[in-house]
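Here is the structure we will look at.
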């Protein structure tokens, strides 16, 4: 039996547009602060992050519209269709998706009564695409922006805002994947707490390690990123992903996966991925330890203007590494005790349902997000998404 989104799901979806607007305000405030302080290099890096992330998200949005043959599923899309290309060129296409997703989520129960299941599945389809776009934006803008702000020790407001955006993105993405479960039950508070805690611990430790290294070796952080990104892109190509509908789009996706892997694990292949995940986290744990170790070494013989003893620096080093290790422990607890594991055909929109006929057949299935849900929930996979 089809189940509606929970009240929490609808609240998170409806809040998407206001939070996006708040994020823009915080970005502007950060740029102004860098300008006032004369940190023109940081200002330039921030602008590159903001513009690059926006272009990347708009490109994905446009490609997905083209893959769907520009089928407009809501009144908002229909009204924006004549100028859809222009909206994406001026970096406003993503906000069309935000508005339509918020509007459909707020009236989902009414849609089910007046128009049947099709409209409710449409609302889920739109929200699933938007959640993936937010993941892309988070790891191409918010996560690097936090590293930049921690490196420059900027005011806490912008840093907290970016961390909140990351937490919100992980929340909505995970709950969107749960919409593919055959019987979508409310996620327990304890399960949610463990899930978000290990994600935030891993992300925080990784971002702090990068920020510490960048604060003492600002030039080498770019070399570190490029080398790591190229390595991750190679493994994404070796994994032979099949997410996009065109060759060019698939290469763009693999490059994006390489960017996400620089900060956190993201399951992109079907089948047993436990070995992949173990190797990845061992590599990142080693990388975090080395980055913090180099920072400690630099702080020992050439400390900055502010006073920080050798013992305090050692405590910071140990705390960051311990934070990542604790996140891995909680991750194991989550996947052992709380994570549902199913076969592909048990997911809503699985092959068994797609080939069947009758009124129980789902009228609409987001094949892109369904593929990620298969990787996340399949009993043959490790399931370790972001």
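Yeah, the Cβs are placed from backbone N, Cα and C, and that goes for glycine too.
Curation plays no part in TrEMBL annotations; they are all automatic predictions.
Remember, predicted model here, so these are calculated numbers, not experimental data.
Taken from TrEMBL, the feature transmembrane segment applies to 40-65 (among others).
Proximity of distant same-chain residues to the transmembrane segment (193-213), defined by a Cβ-Cβ separation under 8 Å and at least 6 residues beyond the stretch ends, is recorded for 143, 146-147, 150-151, 163, 166-167, 170-171, 174, 220-221, 224, 263-265, 284, 287-288, 291-292, 294-295, 316, 320-321, 323-324, 326-331, 333-334, 337-338, 386. Summarising the annotation, TrEMBL assigns transmembrane segment to 193-213 (among others).
Under the heading transmembrane segment, TrEMBL lists 220-239 (among others).
TrEMBL lists 251-269 (among others) with the feature transmembrane segment. For the transmembrane segment (251-269), the list of distant contacts is 56, 59-60, 63, 135-136, 139-140, 143, 199, 202-203, 206-207, 225, 228-233, 235-237, 239-241, 243-244, 276-277, 280-281, 372, 375-376, 381-386: same-chain residues at least six beyond its ends, Cβ to Cβ under 8 Å.
What TrEMBL records for 276-297 (among others) is transmembrane segment.
Taken from TrEMBL, the feature transmembrane segment applies to 317-338 (among others).
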Any residues 6+ beyond the ends of the transmembrane segment (276-297) with a Cβ under 8 Å from its own? 205-206, 209-210, 212-213, 215-217, 224, 228, 239, 261, 265, 267, 269, 313-314, 316-317, 320-321, 324-325, 328, 382, 384
